[in-house]
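Heads up: the structure comes next, in structure tokens.
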Amino acid sequence: MSLDKHYKQKMTDDDLNSIDVNNSISNLENQPSLTLEKTKEEEMVEINKDDNDLEYPYSCIPKPQMYFIISLLGSVGLLSTIAGPSLFGCLNDVEKSFNVSAEKVDLLITVYSVVQGVSPSIVSYFVDARFISKRNATILGALVYAWTSFGITQCKDYNGLFALRFFQSFAISPVISINNSVCADLAPKKARGMITGVVGGVQVSLGSAFAPVISAALTERFGSYKAMFYYLFILASSSSILTFFCLPSTDRSDVGNGYKMPSKFYDRAPIIYTKYWKSRVYKKEYPESVVPPKKSSPLLPFIIIKKPEVIALLAASGLQFTQWTVAMTAMSHILANKHYNKSTLEIGKCFLAIGLPTLCSIVGSGRLMNYCYKVQKQKHDLFIEKSINNPDFDPELPKYKLNLYQTRLYYVTPAQVISTACFMVYGWLLNRNEELWVVLLFVGIASLFSNGILPMSTVVIIESHADAGSSAAALLNFGRCELAAIFVAVYTYMVDSWNVGWCFTFLGILTLISSVCLQYVMKKQPYWEYERSLKEKKNVSQEDEISVIEKS
């Protein structure tokens, strides 16, 4: 009797379960099609969501403090770019002091540029892998730079000077790529163009373009190239102290959007213990803003550079920067010849024709990027609203995704064409020893349209490799510096074999070819990215199948 009762009870439970399952299935089948459309729309919104659409503030740091941090980063990055071309303003004095040829002085500029390209790729691995924080890497680099600058003032041997230039560059060069990564930590995409433009403007234009002016003025005033390096020692020491006290850690895998203190005490800046900071930054907790730690590898730059769009971007931005650097090299050499016969200070003043337009170029390109991103994002959102009911709609498909390369690099090619044409004319004007005001006019116009590609390319490579921002920026820096180093090293030989005009014509043709290639890449990049993602998914699924078979 008990068995029969148990059997009936079991049957009743099974029947109830089957009824529940059938009801669930019928309910799912009777759901209106709107549910599927809503899911598709939610998926689209999630994929195309902007930084400003987050449920928490992108950064807890108020704007005044944010701009102070960015200015501080720019001043430290200035140390890297100011030391490289600083010799342009005192070439003759260095030649006389060490009794060496102009080619050997050019070699001091070349070795700085070579190391400037390699060093960030090495140090960025340790930063991305969190062996050292961005804050501490910046402080350490500035300190080493300060003491190598002091060492140069005491150096009496060319080989010693060469070695100190090597270590000076190795210490400070990673700061530029680290600064770009910090900007990505602080600023959402809509504001990132302007932020990167400000930092890039301070670093590249004030450093590279105004270094010869400062160098020439100090050499003329104190009668020795050593004055420039005493100046760099004081500047680096001051920046190190200010950075130690005022630069907070911004690593989003540790502090999120800045809502909490860094987990390690040696990553904490004294400023975060002040009442001012606690009352304005540590007001509310946002644990959801903490991102997973980045996966880092010393081979990461080589993995990134395999992509055709990265190669095209490196070539276009690198050759553009090379034209600008060679223009400064040519000016420092030719204005001292028998025809122009300018003094050290007069040559330094002529570099203002390059520096001021470059500053406008880089800061202006930041504003242009913000405007372009806003316009393109609005167009893309309208396109998605119209396309969401298409039978083939899939937010993962390239035609439905925001083309990041096209958005960020929209104005690059017109600027490159104008700049390259003016650099070519500038080369031929120098070759024919034309009036100085005409020479400065064309190099000024060329500089105005030249370096805007630097912040644009930096932003796009960081955003397309968000999991390895420092390494990606370091790779871009590598391409820029190595190309410039190669052409500066062979500049004298090119001029001797050809002339200044053909030197700039050759560089201009290479730059225009790279610009055309970049236009093609801008259209194809989303499709290449989609194909790579499909291959990765396929490889992952195959690995999962193999692991399941092995376990069974």
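Placed from the backbone N, Cα and C atoms, the Cβ positions cover glycine too.
TrEMBL labels come from automatic prediction, so no person has curated them.
Lifted from TrEMBL, the feature list:
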{"type": "TRANSMEM", "residues": "66-87", "note": "transmembrane segment"}
{"type": "DOMAIN", "residues": "69-526", "note": "domain 'Major facilitator superfamily (MFS) profile'"}
{"type": "TRANSMEM", "residues": "107-127", "note": "transmembrane segment"}
{"type": "TRANSMEM", "residues": "195-216", "note": "transmembrane segment"}
{"type": "TRANSMEM", "residues": "228-247", "note": "transmembrane segment"}
{"type": "TRANSMEM", "residues": "310-331", "note": "transmembrane segment"}
{"type": "TRANSMEM", "residues": "351-369", "note": "transmembrane segment"}
{"type": "TRANSMEM", "residues": "409-430", "note": "transmembrane segment"}
{"type": "TRANSMEM", "residues": "436-462", "note": "transmembrane segment"}
{"type": "TRANSMEM", "residues": "474-493", "note": "transmembrane segment"}
{"type": "TRANSMEM", "residues": "499-522", "note": "transmembrane segment"}
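Simply put, out of 310-331, 409-430, 474-493, 499-522, 474-493 has the most Cβ pairs sitting under 8 Å from the transmembrane segment (107-127). Most Cβ pairs within less than 8 Å of the transmembrane segment (474-493), among stretches 228-247, 351-369, 436-462, 499-522, belong to 436-462. Note on the transmembrane segment (436-462): residues 180-181, 184, 192-193, 196-197, 200-201, 204-205, 209, 310, 313, 316-317, 320-321, 323-324, 327, 331, 335, 340, 350, 353-358, 360-362, 364-366, 368-369, 404-405, 408-409, 411-412, 415-416, 418-420, 422-423, 425-426, 429-430, 469, 472-473, 475-476, 480 of its chain, located 6 or more positions outside it, place their CB under 8 angstroms from a CB of the stretch. Within the model, the domain 'Major facilitator superfamily (MFS) profile' (69-526) carries an average pLDDT of 83.
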